[in-house]
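Q: Sharing a structure here in structure tokens format.
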Amino acid sequence: LVVFDFDWSLIDNNSDVWILEQLSKELAEKIVELRKKIQWTDLMHVIYQGVTRQQIENALTKIPFDPAMIEALKIIKRGKGEIIILSDANTEFIDIILKAYGVRDLVSFIISNPANWDEDGRLHVKRLISPEDSPHKCENQCSVNICKGRELVNYLSLHPDGFNQIFYVGDSLNDFCPATKMSRNDTFLVRKGFKLEKFLASSKNELKPRIVYW
């Protein structure tokens, strides 16, 4: 099983920020202040009400996606590996980008904030864990709307036959939690130059999986 975070792990940008920068540099700059007051997923939902489906799709099809990473996905599938995405982006963005680059059929499952289009072509994004749900109470570096460790455990519970190995590819602080659920037989692939690498360098937590920086 190979689990990919999406933004800055599978693709070479943050899909939410990319959209904002393509539509309005000024708005992208204001987001820095706005996110201090509003939860990120909720903020994106509000902003996308003023953006058409065509604008979003046109922007997402141009987002950087390294050909080497696309080839890696194909190699994994040829080797009979299963690929899932575990991301704090949203299901619709991920789906659009994967289809644009012709690799949607290589991904078995997407776990992310649910999103859908309304009749007027406006995108509605919800938190994976809504404010009405019980909080995940995770003590790791998880966002309030998603505990990736819990999501990984839930996914594995649906596959009782298990997997010989788990590979997890990530770059952010919320990618740390899944690694705490992995075994010594697994591999944690950490992107260099991002928050997760810096956190691991200063963390006293000992992880079981082998850590590989890329």
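Each Cβ is built from the backbone N, Cα and C atoms, and glycine gets one as well.
Pulled the feature table from TrEMBL, pasting it below:
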ACT_SITE  ASP5  active site, nucleophile
BINDING   ASP5, ASP7, ASP171  Mg(2+) binding site
ACT_SITE  ASP7  active site, proton donor
BINDING   ASP16, ASP88  substrate binding site
Q: At the Cα level, what's the spacing in Å between the residue listed as 'active site, nucleophile' and ASP88 (substrate binding site), rounded?
A: 8
Q: Measuring Cα to Cα, how many Å separate ASP88 (substrate binding site) from ASP7 (Mg(2+) binding site)?
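A: The Cα atom of ASP88 (substrate binding site) is 8 Å away from the Cα atom of ASP7 (Mg(2+) binding site).
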Q: For ASP7 (Mg(2+) binding site), which DSSP three-state class applies?
A: helix
Q: Using Cα coordinates, what distance in whole Å links ASP7 (Mg(2+) binding site) and ASP16 (substrate binding site)?
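A: The Cα atom of ASP7 (Mg(2+) binding site) is 9 Å away from the Cα atom of ASP16 (substrate binding site).
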Q: How many Å lie between the Cα of ASP16 (substrate binding site) and the Cα of ASP171 (Mg(2+) binding site)?
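A: Distance between the two Cα atoms comes out at 16 Å.
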Q: Far apart in sequence but close in space: which same-chain residues, 6 or more away, have a Cβ under 8 Å from ASP171 (Mg(2+) binding site)?
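A: Those within reach of ASP171 (Mg(2+) binding site), by Cβ under 8 Å and sequence separation of 6 or more, are ASP5, ASP7, TRP8, SER9, VAL190, ARG191, PHE194, LYS195, LEU196, GLU197.
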Q: For the recorded Mg(2+) site formed by ASP5, ASP7, ASP171, name the remaining residues of the chain with Cβ within 8 Å of the site's Cβ center, in chain order.
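A: Here the non-site neighbours turn out to be PHE6, TRP8, SER9, LEU10, SER87, GLY170, SER172, ASP175, ARG191, PHE194.
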Q: Using DSSP and collapsing to three states, where does ASP16 (substrate binding site) fall: helix, strand or coil?
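A: Its secondary structure by DSSP: helix.
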